[in-house]
Amino acid sequence: MRITGTSCICSVLVCLCFVQRCYGAAHHGSIKVTRNQTKHIEGETEVHHRPKRGWVWNQFFVLEEHMGPDPQYVGKLHSNSDKGDGSVKYILTGEGAGTIFIIDDTTGDIHSTKSLDREQKTHYVLHAQAIDRRTNKPLEPESEFIIKVQDINDNAPKFTDGPYIVTVPEMSEMGTSVLQVTATDADDPTYGNSARVVYSILQGQPYFSVDPKTGVIRTALHNMDREAREHYSVVIQAKDMAGQVGGLSGSTTVNITLTDVNDNPPRFPQKHYQLYVPESAQVGSAVGKIKANDADTGSNADMKYTIINGDGSGVFSISTDKETREGILSLKKPLNYEKKKSYTLNIEGANTHVDFRFSHLGPFKDVTMLKIIVGDVDEPPLFTMPSYVMEVYENAKIGTPVGTVTAHDPDAANSLVRYFIDHNTEEDRYFTIDASTGTIKTAKIFDREETPWYNITVAASEIDNPALVSHVPVGVRILDVNDNPPELARDYDVVVCENTKPGQVIQTITATDKDNTANGARFHFSLDEGLSLNPNFTLRNNEDNTASILTRRRRYSRTTQDTYYLPVLISDGGVPPLSSSSTLTIRVCACERDGRVRTCHAEAFLSSAGLSTGALIAILLCIVILLAIVVLFITLRRSKKEPLIISEEDVRENVVTYDDEGGGEEDTEAFDITALRNPSAAEELKYRRDVRPEVKPLSRHHPSSSLDSIDVQEFIKQRLEEADLDPSVPPYDSLQTYAYEGHRSEAGSISSLDSATTHSDQDYNYLGDWGPEFKKLAELYGEIEPERTT
């Protein structure tokens, strides 16, 4: 509780004893605050007294970093109610009460038990109260006071951002600001000089200086040259207590680098250079390098080289390598030692970025002279042309000259040259060359329509030095001759309507020729003059490489003739002219009135007779009804069966008629019909298999060769004899009928009668070659044959 002036009346007497250590002096003091008292006397009225005015000093001070063995005395609390008999008890609460600050509850003395650090906490707020020890009732209201920690110089200045790296341009004026450094001191800046810092330079003189108050570092010399010294290490010190003796200090390092400016012109190390270049150097290749030195760096050392004069300016060129800053000398034209043996060039190297502040140090360019010596080398033969194009007609005989290539030795020796063709591709084998003259000849007969152009490579070498070889490309164009007759451009489907008129164009035709336009562009169409005049159609040449087919009569009939053939003769305009004959097929079709084709198939005769569609349908319906009646009649007759014997009592000889048709072709149990159809097809004599014989029949063996010569009459006699001697025949006469078809044909039978009783060795694989119509039959017999083989 803070009491100031007369606004509050406090009943607590506080004695504050403050011990201050400042340069070895200690002071003690106490303040008494009188308490406002009011007495109530029984029977008397209440009397108010004006309280006394007292001063309140509600702050204590304690030095930080106390290192003594005893607790540090802070101050004293005292109440007016305290008579010294121990009945008053003092209580201390608040920040640090009981841990940092303790109080004697009887005397009210306050002590600090720990060493305090102002940089961690500057003050503590506490509350004091006096109570009756016996009743524990407060004698005074609670009062608030502050204990401040008094600072001492225990923290040195610090550079929080160091060390520093900074740059400054070289050649800067003296006093150019480089950097401002700042040191901080954790001590109390409001008390004494503990936090008052001054700056000084410990290392870096005489090149740099520092302002003692602001910490600004500046250059201390004129025209500091980077090329002389580039890096500097400057040590800056900050000291508190205003730099007085006993003050604490801290330091930092500032690394200063001088940046480059273009203050050095380029210089060639020599004024004269000499370069050797062989005459065999390729055009566009680099033949040498040259460099001017520049002490600057970066863009300040960028260089550009130029050829300013000299007799070799048209033969050589120079460019600048941006990485190495060298001048690259290249060849623009081929060198020839026999024509010119040396060249002279004046080369200039100049900076591309000039700083005009330092123009007085220039000029920022330099010139040197370069002499180029051309070296003599043994060169390969040189062709008179970089490439050759030759021509030869197709169908030319083998050995026909095509053309000649020429090469010579460019050296002074002028050696003889030998020619040959590099056979690297197939085309190179179609030609030969004379090794001495260079004449190229054909090695095959060419067809322009197959390949119109050939590319070959001819090589030439010196006879004295075959290792030196030069090559030249040669193109051979095959010229056309008129060796292909013209022909129709396509297969034309020509249609003429039945109701056409004479002179009507029914088709326009054109032709093609494999020869080029010089030998086949002009076509002439005509009819074959060797044939008689065609009464049905004629041809008209349109003089534009096309021809028109025209009719010569009014009507055409499909029933009379549905197809016509028109031979056409086509000739070209080549030398000599060639011609070919083609035949056009013209179909007669029924057309609508507007000329659209309705049908081109021939109709039935009745249709041409004028029968309507309804009449045709009625006729077909009658035919179907008649066929149904016939089938029904045959089915009824087959279902009617007569007894085998007319009467059981009638055992006379009778001719019995069998109307039962049997099981058809699959019924092979009753008789071997194959033998009845063709006697020569039987491999052995067969007997009836529907009745088991009791006695072995008479066996007659005939060689297979005799079957081919058996006469039909002899065969019937043999069968009659077998029937008479067969004990298994029925007890009545029977009539056996034999039919003879003759010898089998070369193609064989398509009947399946033999399939169940005989085995055929015939190969049916040929059925697969008969086309899609016999595909199913080939698959069936192709499956039967593997089963028989198995």
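Positions of Cβ are set from backbone N, Cα and C atoms, glycine also.
Caution: TrEMBL annotation is automatic and unverified by curators.
Over in TrEMBL, the protein carries these features:
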- 1-24: signal peptide (SIGNAL)
- 79-159: domain 'Cadherin' (DOMAIN)
- 160-268: domain 'Cadherin' (DOMAIN)
- 269-383: domain 'Cadherin' (DOMAIN)
- 384-488: domain 'Cadherin' (DOMAIN)
- 488-605: domain 'Cadherin' (DOMAIN)
- 615-636: transmembrane segment (TRANSMEM)
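Each residue in the domain 'Cadherin' (488-605) gets a DSSP state, and the totals come to 5 helix, 55 strand, 58 coil. Note: the domain 'Cadherin' (269-383) comprises 10 helix, 55 strand, 50 coil (DSSP; helix = H, G, I, strand = E, B). Model confidence over the domain 'Cadherin' (269-383) stands at 91, taken as the mean pLDDT rounded to a whole number.
Sorting each residue of the domain 'Cadherin' (79-159) by its DSSP state yields 0 helix, 35 strand, 46 coil. Counted with DSSP, the domain 'Cadherin' (160-268) comes out as 3 helix, 45 strand, 61 coil.
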